[in-house]
Amino acid sequence: MASNGNNAAKAKYEQKVPVFYYRPTHTDCQLLREQWIRARYERKEFVCVERQEPYSAGYREGFLWKRGRDNGQFLSRKCILSERDGALKYYNKHDAREPKALMKIHTLNASFQPGKIGQPHGLQVTYLKDNSTRNIFVYHKDGKEMVDWFNAIRAARFHYLQVAFPGAHHADLVPKLTRNYIKEGYMEKTGPKHTEGFKKRWFTMDDRRLMYFKDPLDAYARGEVFIGSKENSYIVLPGLPPSTQGYHWQFGITIVTPDRKFLFTCETEEEQQDWMAAFQGLVNRPMLPQEYAVEAHFKHKP
């Protein structure tokens with residue numbers, strides 16, 4: 001009975017869910033789960049396609065609260081997402097003609113980060129600027145508004161990928177629309193000569209890019225490490241070389257790459273095991289053709 005009832009409800013209230021619309025799981029933040037329920041049963045967005053216009057029209061304009069890069073204050077900023085322009089833009093002044101930043105849709109990612117940002121509707125938006133990752137942090141007091149922005153970004157990405165990969169199945173494109181980070185947290189690291197003291201940094205693993213920041217809400221990473229596959233001589237080892245000095249946390253990790261060894265330490269054994277598992281998952285995964293180009297860029301970075 002319960003199963004039949006659920007199936008009937010899905011047939012009625014999920015008739016026309018756009019393929020790009022994010023369907024949250026139990027691990028997602030409360031905002032996404034709550035707005036998914038409201039969209040289905042309260043607003044009936046997937047029964048009547050006209051109600052999907054806020055995120056499916058290919059153009060969205062509005063004001064979001066954006067965290068300042070240097071002072072950390074949230075200020076209202078005009079934002080425009082345009083599929084025609086292939087970009088998300090924001091403006092420092094409401095009447096400004098030129099945007100402060102232009103974020104190309106093909107490098108755009110969005111991920112809800114309420115805990116890190118300190119706002120229940122906090123969204124982290126990243127894009128590539130000169131092939132380095134740039135973070136901006138935004139929120140809106142209205143939960144629906146924020147989720148609409150998130151799904152509008154996913155819609156724009158979906159339509160871009162449909163053009164970039166004609167004939168690709170929807171099932172192959174949807175996982176590429178937005179991505180959550182594999183893992184984030186604090187570790188200590190040392191420099192390339194391994195003679196400097198270890199410094200505590202916030203690390204974000206965004207697929208094969210391991211970025212480290214002085215503060216979790218920094219706009220730019222202090223550095224990035226590419227994590228390749230074992231076929232390309234990338235190895236993950238527990239512990240540190242015996243001669244290593246200057247670290248405080250006792251649970252070490254060594255990542256061997258074709259060019260050098262990266263040394264990290266974790267505060268607890270549990271954190272060490274979690275990071276090791278995340279690194280090993282990437283090392284065990286064969287690299288895609290496009291990832292070789294990313295690796296080459298990292299090798300030629302000054």
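Sequential numbering from 1, following the chain as shown.
Each Cβ is built from the backbone N, Cα and C atoms, and glycine gets one as well.
Taken straight from TrEMBL:
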type: DOMAIN; residues: 57-158; note: domain 'PH'
type: DOMAIN; residues: 180-284; note: domain 'PH'
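Taken together, the residues in the domain 'PH' (180-284) have a mean pLDDT of 94 on the 0 to 100 scale. DSSP assignment over the domain 'PH' (57-158) gives 23 helix, 46 strand, 33 coil. Residue counts of the domain 'PH' (180-284) by helix, strand and coil are 18 helix, 41 strand, 46 coil (DSSP-based).
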